[in-house]
């Protein structure tokens, strides 16, 4: 038996053994010959270990206690392609520390103690494509810090103590495609420093204390396609020209303090396909807010304070595929808000206090085909179906809860009010319908007045129109319009405002009232009637004059056109005069 074991084991002894690494392997590290990788993670190393094979391509030195990198520490590794020095205690890197790594493509220095990158640190790293400097103590980026990194495509400098980025800090980054700046102490962006990044395609700016976006911030970034602005608590407005010059395909402005959709800033972003405005205190989406975003496919407005989405709010969104309005204060979402619902594939309206009535009928009719992304919207009212998911509602309830009733104004008696200037005036307009109608008024000057209107005229809860400090120019007919998804109803009221008695007015008030009357706006009908009356009067006077001239000329009868004149020269004494006397002379004249 022993002999047979010896015979069987003989071929194994004859097999050649795998050659060991040329330079061996450091005692505290693990070497993988096939991938030429050396892993020395969590070994409590205070310096780069000796004995690393010269042909190593990947060196993992993360989570150690290395404090400094000197020029000779990595000089024996010319084949190195990826170096990870993350989560050490590196506070200083000597210029030339990476000079003998011509093949290095990835360098990770995340989570160290670097406060400054001196010039020359990245010399001869011509093939480096990724550099991670995040989670350090960097305070400033000096001019030409990255000037030798001509092939760098991705740069991470977030989670630092940055207070200033010099104007030429990014000079030389000709191929950079992605830049992340986050959790820094920057209070402003320099358009000049970003202007060196001509190939930049994605810019992420997160957790910054910047209060405004200026017009020149991104003007010199024609290739930028993706812009992310997240957690800027001081940002209250996106200026109209802040995105000028960009051709973005993706824009995200989240967790800021903007209170309105930045429609003016979005006006020229015709190539935008994805827009995220989630987690901002936006309460209303007005009509036509996205009318110029003809290529938009995804719109996210989740976790905001949305209470109203006005009709035609999504006008112009012809290619919308995904709409996320989850976790807001919406009671409804009408079909009239869309340019067309036929392109919609995914709808998120979960987390809203939805009123299940006829305004949501279009969703219920499509509940079997619409994708709710696994989060089904549910009814909040009426009480009979509270908590029921829209997708699970039986067809029988459609005729009970999803039927509209046209508004009807209860009191139809015409209101005629006469007031004295300076008094407050109110007109009642109570309407009922299903769902509850909204009430708006139209002034004699054709100006709409709603509950959100500013000025002396406003609509109170219940539909009452209040006009404060009535003036003579407020006189006229007011129209109440009650509307809901089922239709509308109208009602009229008349107001006459008399001037305040002269005895109660000071000269200054009388003068101001006269000026106010002169400034009272004239409608188009008044202007046309006044113009027509003036023209007719002028033409009538001209015609009357012509008739008088004609009658006068005919009444004079026939008269001579020719007449003769006889002229006798005065007699003058003297021989010269006597010689010239020839008697009387005659000549004819013709009157024209």
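Even glycines carry a Cβ here, placed using N, Cα and C.
Keep in mind that this is a model prediction, so the values were computed, not measured.
Marked as domain 'LRRNT' by Swiss-Prot: 25-54. Listed as Cβ neighbours of the domain 'LRRNT' (25-54) (distance under 8 Å, sequence separation of 6 or more from its ends, same chain) are residues 18, 60-67, 69, 73-74, 76-79.
What Swiss-Prot lists as domain 'LRRCT' is 352-406. Taking the domain 'LRRCT' (352-406) as a whole, pLDDT averages 89 in the prediction.
If you look up Swiss-Prot, you'll see 407-496 marked as domain 'Ig-like C2-type'.
When Cβ atoms from all protein chains are considered, those within 10 Å of residue 127 (N-linked glycosylation site) total 16, not counting its own. The N-linked glycosylation site annotation in Swiss-Prot covers 127 (among others) and rests on sequence analysis.
Annotation source Swiss-Prot lists N-linked glycosylation site at 185 (among others), citing sequence analysis. Long-range Cβ contacts of residue 185 (N-linked glycosylation site) within its own chain (separation 6+, distance under 8 Å): 161, 162, 163, 209.
The N-linked glycosylation site annotation in Swiss-Prot covers 247 (among others) and is backed by sequence analysis. Taking Cβ-Cβ distances under 8 Å and a sequence gap of 6 or more within the same chain, the neighbours of residue 247 (N-linked glycosylation site) are 222, 224, 225, 269, 271.
In sequence order, 232, 233, 234, 235, 236, 280, 281 are the residues near residue 257 (N-linked glycosylation site), counting only same-chain partners six or more apart with C-beta under 8 A. Feature annotation from Swiss-Prot assigns N-linked glycosylation site to 257 (among others); the stated evidence is sequence analysis.
Counting only same-chain residues at least 6 apart in sequence, those with a Cβ under 8 Å from the Cβ of residue 276 (N-linked glycosylation site) are 251, 252, 253, 254, 298, 300. Annotation comment: Swiss-Prot describes 276 (among others) as N-linked glycosylation site, evidence class sequence analysis.
Under the heading N-linked glycosylation site, Swiss-Prot lists 324 (among others), citing sequence analysis as support. Annotation note: residue 324 (N-linked glycosylation site) sits in a strand segment as assigned by DSSP. The Cβ neighbour count for residue 324 (N-linked glycosylation site), using a 10 Å radius over every protein chain in view, is 21.
The secondary structure of residue 488 (N-linked glycosylation site), as reduced to three states from DSSP, is extended strand. For 488 (among others), the entry in Swiss-Prot reads N-linked glycosylation site, with the evidence type sequence analysis.
Sequence annotations record features per position, and here Swiss-Prot assigns N-linked glycosylation site to 512 (among others) based on sequence analysis.
Among the features that Swiss-Prot reports, repeat 'LRR 5' is placed at 151-172. Same-chain residues lying 6 or more positions outside the repeat 'LRR 5' (151-172) and placing a CB less than 8 Å from one of its CB atoms are 110, 115, 126-145, 178-187, 190, 192-194, 196-197, 206.
Residue counts of the repeat 'LRR 6' (175-196) by helix, strand and coil are 4 helix, 5 strand, 13 coil (DSSP-based). The annotation repeat 'LRR 6' is assigned in Swiss-Prot to 175-196.
Away from its own ends, the repeat 'LRR 8' (247-268) comes close to residues 222, 224-241, 274-286, 288-290, 292-293 of its chain (Cβ-Cβ under 8 Å, at least six residues beyond either end). Residues annotated as repeat 'LRR 8' in Swiss-Prot: 247-268.
Among the features that Swiss-Prot reports, repeat 'LRR 11' is placed at 319-340. Taken residue by residue, the repeat 'LRR 11' (319-340) breaks down under DSSP into 3 helix, 4 strand, 15 coil.
What Swiss-Prot records for 1-24 is signal peptide, and it gives sequence analysis as the kind of evidence.
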The domain 'LRRNT' (25-54), counted residue by residue under DSSP: helix, strand, coil: 0 helix, 6 strand, 24 coil
Distance from residue 488 (N-linked glycosylation site) back to residue 127 (N-linked glycosylation site), taken between C-alpha atoms, in Å: 69
Packing count at residue 488 (N-linked glycosylation site) (other Cβ atoms within 10 Å of its Cβ): 16
Structural state census, the domain 'Ig-like C2-type' (407-496) (DSSP three-state): 3 helix, 48 strand, 39 coil
Cα distance (Å, whole number) from residue 488 (N-linked glycosylation site) to residue 324 (N-linked glycosylation site): 30
